[in-house]
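Structure in structure tokens, see below.
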Amino acid sequence: WDETHFGKMGSYYINRTFFFDVHPPLGKMLIGLAGYLSGYDGTFPFQKPGDRYEQHNYMGMRGFCAFLGSCLVPFAYLTVLELSKSLPAALLTAFIIIFDTGCITLSQYILLDPILMFFLMGAVLSMVKCNSCADRPFSASWWFWLSLTGVNLAGAMGVKFVGLFVVLLVGLNTIYDLWDLLGNLSLSLVMLWKHLLARVLCLILLPLALYTAMFAVHFTVLNKSGPGDGFFSSAFQSQLIGNNLHNVSVPEHLAYGSVVTMKNLRMAGGYLHSHWHLYPEGVGARQQQVTAYLHKDLNNLWIIKKHDSDADPSDPLSPVEFVRHGDIIRLEHKETSRNLHSHQHEAPLTRKHFQVTGYGINGSGDSNDFWRIEVVGRRTGKLIKVLRSQVRLTHVATGCILGSSGKTLPKWGWEQVEVTCTPYLKETPNSLWNFEDHINPKLPNISLDVLKPSFAEILLESHMVMIRGTSGLKPKDNEVTSKPWHWPINYQGLRFSGVNETDFRVYLLGNPVIWWLNLVTIGLYLLIAVSTAVTLKRGVQLTPELKELARIVLRGGGQITLGWLLHYLPFFMMGRVLYFHHYFPAMLFSSMLTGITWDALLKFCAGFLLPSTTARKVYGGGFLTLILLIVYSFYLFHPLSYGMIGPMASDPSSPMAGLRWMDSWEF
């Protein structure tokens with residue numbers, strides 16, 4: 001499944017081919033590096049799930065992800081040990097993650113999830129370790145854990161934007177610490193400033209520097225033209241070896257008589273295009289079609305002319321006259337000699353937008369062919385630059401703005417992209433254009449290297465494209481998607497590969513016993529935490545042991561519960577398509593909470609409700625029962641971890657026979 005994406009992207013890094021993805025680059029770069037160091041040559045096509053790797057050396061990439069996934073166990077163990085000071089609590093957490101079928105499945109393939117969870121858990125462990133050094137601030141160990149927290153935050157954000165949730169967790173922990181220090185009257189203001197600056201340095205500046213460096217490496221490595229070119233601006237594309245804009249010389253400023261192509265700035269918006277075909281009967285006026293086309297073509301060429309003059313500006317004897325911000329122009333299609341035209345007929349697909357057509361004969365049309373050209377952020381009279389200037393074309397007669405809707409036209413429109421004139425004056429990439437190709441023999445050419453964007457501009461553009469790409473990940477019609485409420489109850493898994501008995505089938509599903517134990521424990525923890533908080537508020541006298549247990553429940557368990565909430569609740573507000581694997585970072589927090597909660601509950605029951613002779617037995621027996629239950633459930637469901645072949649679960653001879661406890665499980 002996702003190996004077809006992330007394995008392919010690892011290949012792109014090895015081949016230095018530029019591509020686009022909605023996630024930041026670190027995870028794919030590490031996959032590519034693992035493949036490169038293990039002898040993979042980047043030639044496997046990664047076309048569809050189930051394709052055989054044959055002689056291609058893929059084990060390095062899978063092994064790297066499996067290693068990082070395995071690190072989740074010691075990270076969770078050490079985090080719980082630090083928070084609870086209890087070996088049994090840490091061991092229970094470790095057993096939960098070791099024997100969860102979902103964690104094993106997700107960790108052993110070429111995916112971003114184990115890499116994301118590695119940095120996420122690394123950040124949580126470093127934060128907890130740094131908190132434990134609070135009694136010796138500015139010591140070597142304190143600086144080490146604080147800096148390592150920053151490094152892991154950069155790593156989590158550099159793999160997926162959901163790394164922002166762990167940044168929020170660490171940020172809230174830092175604010176709490178600083179607020180606590182502010183109330184410590186024994187600290188001088190100078191010392192408080194030192195604490196603040198240390199955290200700014202290690203938790204803001206260091207992660208930002210590392211995050212920026214990832215993109216610098218990303219753009220340096222991917223220097224060849226590839227499938228991601230069209231998502232980026234023309235100025236960016238001019239830097240890519242093999243792109244038709246690379247090492248090209250064109251006139252810098254637009255003039256009347258120039259032959260140009262115009263590229264829409266929305267992602268995959270296409271070039272302004274026309275052809276001899278007319279709109280069909282019943283679709284607005286029966287005039288020449290104007291569309292947006294995603295590929296280079298002679299029908300993308302337009303001539304810029306004055307709106308009030310029929311003189312030929314390409315005449316070598318006529319003086320050069322530059323196009324300026326605010327000018328009213330006419331755009332004549334080079335191949336068909338019809339003018340870009342709009343009127344108050346409705347657009348083919350987008351209701352309440354106006355139709356855009358090609359109209360007139362040999363450049364002669366009417367007043368509906370006039371457009372005002374405006375550059376974003378410029379003053380009247382300023383010149384218009386090729387590639388760099390972002391322009392909008394406002395229709396003089398109706399006041400609407402030329403744009404690409406992004407919708408695909410039917411067969412009569414050759415399945416090209418709809419172009420409309422929108423009466424809504426909201427500025428979006430749909431209604432902005434830049435000039436890419438520019439031919440004018442009367443003007444001197446300059447190298448596009450002069451116009452190449454700075455690193456800061458590239459960094460900003462790449463984030464805008466990623467954000468637009470993420471917001472475009474809407475569920476398609478009839479697509480099976482997952483709902484956030486499904487996840488904690490393990491309602492439905494995710495098919496990675498294979499459908500039939502003859503296929504090798506991989507199905508992502510959590511170990512149901514573990515997941516339901518985690519779910520029950522969240523409710524149990526809330527009950528215990530509220531009871532403990534009320535007890536402390538009422539001033540009930542507690543023994544030192546109970547006071548320490550209350551501190552662990554409220555402080556340690558509270559941090560982990562906050563982590564679970566931050567990594568789960570935001571998905572309810574997301575409009576993008578969601579999948580089951582999005583819950584796994586939150587699942588790690590709920591697993592750690594299970595270890596802490598059951599340890600506190602058994603300690604309380606055994607130590608304070610039972611005589612001392614049986615207390616140790618009850619405490620040990622309780623943990624042993626939970627661990628045996630977890631191990632036995634893994635024994636039942638372990639085929640899910642390693643893939644299945646042969647009869648389906650409905651067949652009595654299947655190793656999964658009788659284990660389809662919920663109808664929604666599709667193995």
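Note: Cβ is positioned from N, Cα and C throughout, glycine not excepted.
In TrEMBL, annotation is done automatically, which means it is predicted and not curated.
Dumping what TrEMBL says about this protein:
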DOMAIN    251-307  domain 'MIR'
DOMAIN    320-376  domain 'MIR'
DOMAIN    381-438  domain 'MIR'
TRANSMEM  59-80  transmembrane segment
TRANSMEM  87-109  transmembrane segment
TRANSMEM  143-176  transmembrane segment
TRANSMEM  196-217  transmembrane segment
TRANSMEM  513-532  transmembrane segment
TRANSMEM  552-571  transmembrane segment
TRANSMEM  618-637  transmembrane segment
Under the DSSP assignment, what numbers of helix, strand and coil residues are found in the domain 'MIR' (251-307)?
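The domain 'MIR' (251-307) comes out at 3 helix, 28 strand, 26 coil.
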With the transmembrane segment (618-637) as the reference, find which of 59-80, 143-176, 196-217, 513-532 contributes the most Cβ pairs under 8 Å.
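Per the Cβ count, the answer is 513-532.
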Same chain only, please: residues at least 6 beyond the ends of the transmembrane segment (87-109) with a C-beta under 8 Å from a C-beta of the stretch. Say none if there are none.
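Apart from its flanks, the transmembrane segment (87-109) reaches 2-3, 62, 65-66, 68-70, 72-74, 76-78, 80-81, 493, 496, 506-511, 514-515, 517-518, 581, 584, 587-588, 591-592, 594-596, 598-599, 619, 623, 626-627, 630-631, 633-634, 637-638, 640-642.
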I'd like to know the mean pLDDT over the domain 'MIR' (381-438).
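Over the domain 'MIR' (381-438), the predicted model scores a mean pLDDT of 86.
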Hey, which bits of the same chain come close to the transmembrane segment (59-80), Cβ under 8 Å, at least six residues off its ends?
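Cβ under 8 Å, 6 or more out: 7, 10, 30-31, 34-35, 37-40, 86, 89-91, 93-94, 97-98, 103-104, 106-111, 114-115, 117-118, 121-122, 124-125, 128-129, 588, 591-592, 595-596.
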Could you tell me what the rest of the chain brings near the transmembrane segment (143-176), counting residues at least six beyond its ends with Cβ under 8 Å?
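Same-chain residues near the transmembrane segment (143-176) but 6 or more away: 23-27, 112, 115-116, 118-120, 122-124, 126-127, 129-131, 133, 198-199, 202-204, 206-208, 210-211, 214, 466, 470, 559, 562-563, 566-567, 570, 582, 585.
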Just give the helix, strand and coil counts over the domain 'MIR' (320-376), going by DSSP.
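So the domain 'MIR' (320-376) is made up of 3 helix, 29 strand, 25 coil.
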